[in-house]
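Asks: Pulled the feature table from TrEMBL, pasting it below:
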- 58: active site (ACT_SITE)
- 106: active site, proton acceptor (ACT_SITE)
- 58, 245: Mg(2+) binding site (BINDING)
- 59-63, 71, 75, 103-105, 107, 109, 226, 232-234: substrate binding site (BINDING)
Ligand code: FPP
């Protein structure tokens, strides 16, 4: 009896293995069974890499608090994560990476924290710009830059200028960005054209609105990632995320790794996007 059970268990295993071999013809199946084994090979083999990933980098403050450090230490650590995520995204074939670095609502934070956050682009770019250039990364920004301190604007402009001809992954930094602000701006632009008689109300359609948004030349994000367990959009790309897949993780942004990125991509690859169809 015991032998028989053992035999039948083995037999089922053999069938499963044979099936797996036939279906996958490689070691992908074994990787898929072990989340820790996610690697580039698997991500790229599955195909369907998201072209554009948007990330809400949340949880810096909590990360610092857990360690008994001031909130700004979390932002500093969070900044350090960006490089490796850009590198990994680029490696697996992501074309655009939009990072929410500062929102139009973040001005409400204590002055010292805002000042610190405003120093991060300078810090990041003064250290990393040579590497970004070498890796063919194109830096772009999205948001109302006129309200940023002069030193922040200068650092960002320099990076944008010096990487404009790069053809690799686009690193789009959302700085003083708010989606409602962006939509108001777009409506005003359209309104101006109506006042001038260039347009009529009946001409307003989705394409026209989309073309008046910031970074209208970028495709809409395929995948949105938000870290730290919060599940909301916080005024981020409301129009552009209409059909994006969302992936949330409890991991705090300073702890976010390449492995987490690959896990998000792998989940995306298993989703069926229907865009309202069947
Ligand atoms: C949200 O965490 C994070 C931010 C408001 C800032 C994100 C900025 C960076 C990660 C660095 C930006 C760097 C460059 C180069 C632009 P939180 O402070 O709201 O965290 P909490 O919810 O735990 O308080």
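Every residue number used here counts from 1 along the chain in the order it is shown.
Placed from the backbone N, Cα and C atoms, the Cβ positions cover glycine too.
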Asks: Where residue 58 (active site) and residue 104 (substrate binding site) are concerned, what is their Cα separation in Å, rounded?
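Replies: Pair distance, Cα basis, whole Å: 15 Å.
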Asks: Give the helix, strand or coil assignment DSSP yields for residue 59 (substrate binding site).
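Replies: In three-state terms, residue 59 (substrate binding site) counts as coil.
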Asks: Measuring CB to CB from residue 104 (substrate binding site), give everything in the same chain under 8 Å that is also at least six residues away in sequence.
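Replies: Spatial neighbours, sequence-distant, of residue 104 (substrate binding site): 143, 144, 176, 177, 178, 180, 181, 235.
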Asks: In whole Å, how far does the CA atom of residue 226 (substrate binding site) lie from that of the residue listed as 'active site, proton acceptor'?
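Replies: Cα to Cα, residue 226 (substrate binding site) and the residue listed as 'active site, proton acceptor' are separated by 17 Å.
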Asks: Highest Cβ count within 10 Å among the binding-site residues 59, 61: which residue is it?
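Replies: Counting every other Cβ within 10 Å of each candidate, the maximum falls on 59.
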Asks: Within 10 Å of its Cβ, which one of these binding-site residues (63, 107) has the largest number of other Cβ atoms?
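Replies: Max Cβ neighbours within 10 Å, all protein chains included: 63.
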Asks: Under 8 Å Cβ to Cβ from the residue listed as 'active site, proton acceptor', same chain, six or more residues apart: give me those in sequence order, or none if nothing qualifies.
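Replies: The list for the residue listed as 'active site, proton acceptor' reads 114, 117, given in order along the sequence.
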Asks: Based on Cβ atoms within 10 Å, give me the single least packed residue among the recorded positions 58, 245.
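Replies: Lowest Cβ count within 10 Å among the recorded positions (58, 245) is 245.
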Asks: Can you go through the recorded positions 58, 59, 104 and pick out those with a C-beta less than 6 angstroms from ligand 1?
Replies: 58, 59
